[in-house]
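To start, the structure itself, in structure tokens.
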Amino acid sequence: MHSSQPLFLGTVTCVVLTFVLSVTSLPADAEKGRRKVVHVLEDDTGAVIVQTAPGKVITHRGGSITLPCRYHHEPESSDPNRIRIKWTKVTDALVFEDVFVALGLQQRVFRSYRGRVSLEQNGPGDASVIIHNVTLEDYGRYECEVTNDMEDDTGFVNLDLEGVVFPYYPRVGRYKLNYHQAEDVCKEQDAILASHAQLHKAWLEGLDWCNAGWLEDGSVQYPISHPRDQCGRKDTPAGVRNYGYRHKEDERYDAFCFTSNLNGEVYFLKRFKKVNYAEAVKACLRDSSVVAKVGQLYAAWKIQLLDRCEAGWLEDASIRYPIVNPRTRCGGPQPGVRHLGFPDLKFRLYGVYCFRKNQENVNVDVVKMTQRPGKSSKDIPMNTTTTRNI
């Protein structure tokens, strides 16, 4: 929630208004529940205060989203070419990363946002921008700054992503990663380090993991839904346990990663015989795909509802399989991605999960998509699992 104070520029008053618009990447039936009310109040001095609820917009990887920001200045005849609009992303330790700037008809987009960010231009006073083809790295907090001559005002918008959090440790074992290595392994598995908010949401949805892992802010935490002596004592309440901020270079933990929608399909490659790791890589290549990454399998399980009671190789040489509907001999009573460890690459034989990227440009408007992102695997009936023959 952001409240802005009015700027008195002689006879000019400039107030930045931030509010949550309907999310452009949601289907029509879901969009109704996403509309937010903007409350405009007036205090004792007559100044306008804008309150926003809940202060964030939600989309998914590959979607399009509006970061809303409006401003008002008096008199209305003020020259719009003297209004500067600047968007920045607030990163670690209040470091600001430039995203977009406009002054009159002149506009500039920075770095990874080039070709993806533009002004919405929905009438006078609209400083909103649209981000197309949203990436995992776009997640976070953004500042909208509007400047009129020498005065300015700002508002903040949080961009949230629908997706899934998963714990990760590499083949070398548990508690082997410093912060920067944790960042790297998440990226290698088509993910980013999760935020505390994402981990907390995952805990509310039932995530229970008894090993501490890095988060994107440099803290180390772990979620416990079922307290037990092996995980910080049985008599302590359930919750997200927090070790605080740790030394990023010297200390070693696991990682909590976050991923979102796939631009493609994960499937179990049906074969007449099981294969070792090298044969699994070749088998996926012959089927015009690659061995799936861990983050891709989690996204397929959570979002595409992939359910397969057969263990298979993944790109990191681990063996896993996704279960949406728990059943006998499929690894326990809870939904999830089962992990059987990191077996011998040459002599152990399993199936393989492959990933095939979409060949054509995908329309990011989710209204036209056949899948609804962000639904919990616990809440939606299982879809038929796709297999391929070679």
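Every residue gets a Cβ built from N, Cα and C, even glycine.
Taken from TrEMBL, the feature signal peptide applies to 1-30. Taken from TrEMBL, the feature domain 'Ig-like' covers 47-160. According to TrEMBL, the feature domain 'Link' maps to 164-259, 264-356. Residues or ranges marked as disulfide bond in TrEMBL: CYS210-CYS231, CYS309-CYS330.
When the Cα atoms are compared, CYS210 (disulfide bond) and CYS330 (disulfide bond) turn out to be 22 Å apart. Taking the Cα atom of each, CYS309 (disulfide bond) and CYS231 (disulfide bond) are about 29 angstrom apart.
Across the fold, the C-alpha of CYS231 (disulfide bond) and the C-alpha of CYS330 (disulfide bond) stand 25 Å from each other. Summarising the environment of CYS210 (disulfide bond), the number of other Cβ atoms within 10 Å of its Cβ, over all protein chains shown, is 14.
Counted with DSSP, the domain 'Ig-like' (47-160) comes out as 12 helix, 62 strand, 40 coil. Around the Cβ of CYS309 (disulfide bond), a 10 Å sphere holds 17 further Cβ atoms from the protein chains shown. Its own atom aside, the Cβ of CYS231 (disulfide bond) has 17 Cβ atoms within 10 angstroms in the protein chains shown.
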